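A.B. asks: Submitted below is the structure of interest, expressed as structure tokens.
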Amino acid sequence: MAIEIKVPDIGADEVEITEILVKVGDKVEAEQSLITVEGDKASMEVPSPQAGIVKEIKVSVGDKTQTGALIMIFDSADGAADAAPAQAEEKKEAAPAAAPAAAAAKDVNVPDIGSDEVEVTEILVKVGDKVEAEQSLITVEGDKASMEVPAPFAGTVKEIKVNVGDKVSTGSLIMVFEVAGEAGAAAPAAKQEAAPAAAPAPAAGVKEVNVPDIGGDEVEVTEVMVKVGDKVAAEQSLITVEGDKASMEVPAPFAGVVKELKVNVGDKVKTGSLIMIFEVEGAAPAAAPAKQEAAAPAPAAKAEAPAAAPAAKAEGKSEFAENDAYVHATPLIRRLAREFGVNLAKVKGTGRKGRILREDVQAYVKEAIKRAEAAPAATGGGIPGMLPWPKVDFSKFGEIEEVELGRIQKISGANLSRNWVMIPHVTHFDKTDITELEAFRKQQNEEAAKRKLDVKITPVVFIMKAVAAALEQMPRFNSSLSEDGQRLTLKKYINIGVAVDTPNGLVVPVFKDVNKKGIIELSRELMTISKKARDGKLTAGEMQGGCFTISSIGGLGTTHFAPIVNAPEVAILGVSKSAMEPVWNGKEFVPRLMLPISLSFDHRVIDGADGARFITIINNTLSDIRRLVM
């Protein structure tokens, strides 16, 4: 019998299929992953709702899909069904020997993540899901890092005790699992028979844990993530270290119990430094049963794997060629790559099926830093005459305090540095007469208040409309330059970003189709989005797709400033504080409200004459807003 397999409830948005994990003819178990999909904010694997044989695959990599879409057709495998009664009979006969296991509820708590509270940013499972040990359950984010919280044991999700946006800390209850109880009578019997043969306890040995290859520089220990007595799994993070340009977690090279900690927060370490001593189990006793002997090579192979991994990574360090295939990485790794400004297409993945791991991104960043430092000395490249950043001990001159930069400041700082260095900026300054505009705006606000429209019209919406009109007349300003500097992408839509000052730093929400919206509609949208920005609730989609940016700091003062172009855009408008000034009208000086504006643009795309024409269009439109209806 044919069974249709459809996408379960994944929300309203369409997602892209990035990987198909089965092929026609495969026998599939219930809950086995079928496809991987990725949206704007996360990627996930879609599991099979039941067992069967893949008869048809209705989708391909790159297709868009959504909740309820048909992805595959399964054959229920009648042959297997015929054999089922016989198997059932055998199971029934065997049943008295082992009573069914009783299910028990177990709490799942946040492991030791330090003393600070963190925010739940994503819940990766739902009630009813069968979860394996070490499978990721939630994603949490603090001031300095984000991480996925794994399941400490296998089970079925019975209750979820947290929501996205909740604050949690070490020990917080996040879920309740239903887990299988003790096995029946047969299991103890088997254990008792095996016990005499393997009575001698395995001998414990002591092994040193050293810092792996992190480059030649010393780094500072910023966090110790385990304590004496902790049982640690291989690859579990032990400490966090931070250098001048990056931070990383140092993983355990093997499993064991922490016997001694050799470092403290604030200590300096480097490649090869001793950080801990582990107590590890020795070889299994010689009298172990034959079954155990047959399985013994597996741990040995697993122990060898970490040793082979650095070699693979070392080979990959020089292989940063562009990867045209789809990049396989979890949302956590993608976020890490965004924070470091890493193009994942250039990173070679060493995980299963080429998946990019945290270590791959860290290796790429480390190699990129080494190349950047070596390039000026080796080739005379870099910025001519650029000196290294001065190292000054400020504490010699008086009392100091060091304050960590916010997450937004760190990200935007790197972007601004790149934009300023890579884009040849030219800035035109002008003043526009907004006397009539301001009179009209105040009149409209009074009318809106009388009619209880619950809207406040600001000068920014008129500037947005004036910019949209200029972009329609001069489409070269509504473009982006290709990475190789050889082509322009001309956009047929007009989306304008407006910089908003928030307690956490500057953010730039994007307003879509400004040329198609009226003043009232834009005013309402500006009020709503600005509030979301200040509350820190903007989504990624609300900050993407911009064509041109407006940075208005007139409310804070200043007469002129030169804004930095927001790549990959090619121009930005700065708006300063308006003031009454005497203006000559041909007969006499009259008081007029003048607004200083400044247009910065990429000189590779726009020449000075076009820059002057563009700012003049804005000037003329704001001076006589009747032009907006022409």
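Backbone N, Cα and C define each Cβ position, glycine as well.
On a predicted model such as this, the values are computed, not experimentally measured, just so you know.
For 2-75, the entry in Swiss-Prot reads domain 'Lipoyl-binding 1'. The N6-lipoyllysine annotation in Swiss-Prot covers LYS41, LYS144, LYS245 and rests on experimental evidence. Residues or ranges marked as domain 'Lipoyl-binding 2' by Swiss-Prot: 105-178. Residues annotated as domain 'Lipoyl-binding 3' in Swiss-Prot, with sequence analysis given as evidence: 206-279. The domain 'Peripheral subunit-binding (PSBD)' annotation in Swiss-Prot covers 328-365 and rests on sequence analysis. Taken from Swiss-Prot, the feature region 'Hydrophobic' applies to 373-389, 542-567. Annotation source Swiss-Prot lists N6-acetyllysine at LYS396. Summarising the annotation, Swiss-Prot assigns active site to CYS547, HIS603, ASP607.
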A.B. asks: Quick one: among the recorded positions LYS396, HIS603, which has the most Cβ atoms sitting within 10 Å of its own Cβ?
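C.D. replies: Going through LYS396, HIS603 one by one, the largest Cβ count within 10 Å is at HIS603.
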A.B. asks: Out of CYS547, HIS603, ASP607, which of these active-site residues is nearest LYS396 (N6-acetyllysine) by C-alpha distance?
C.D. replies: HIS603
A.B. asks: Within 10 Å of the Cβ of CYS547 (active site), how many other Cβ atoms can you find? Include all protein chains, please.
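C.D. replies: For CYS547 (active site), the 10 Å Cβ neighbour count is 24.
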A.B. asks: Mean pLDDT for the domain 'Peripheral subunit-binding (PSBD)' (328-365), as a whole number?
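C.D. replies: When the pLDDT values over the domain 'Peripheral subunit-binding (PSBD)' (328-365) are averaged, the result is 82.
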A.B. asks: In which DSSP state, out of helix, strand and coil, do we find the residue listed as 'N6-acetyllysine'?
C.D. replies: helix
A.B. asks: Please report the Cα separation of HIS603 (active site) and CYS547 (active site) in Å, rounded to an integer.
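C.D. replies: Just about 17 Å between their Cα atoms.
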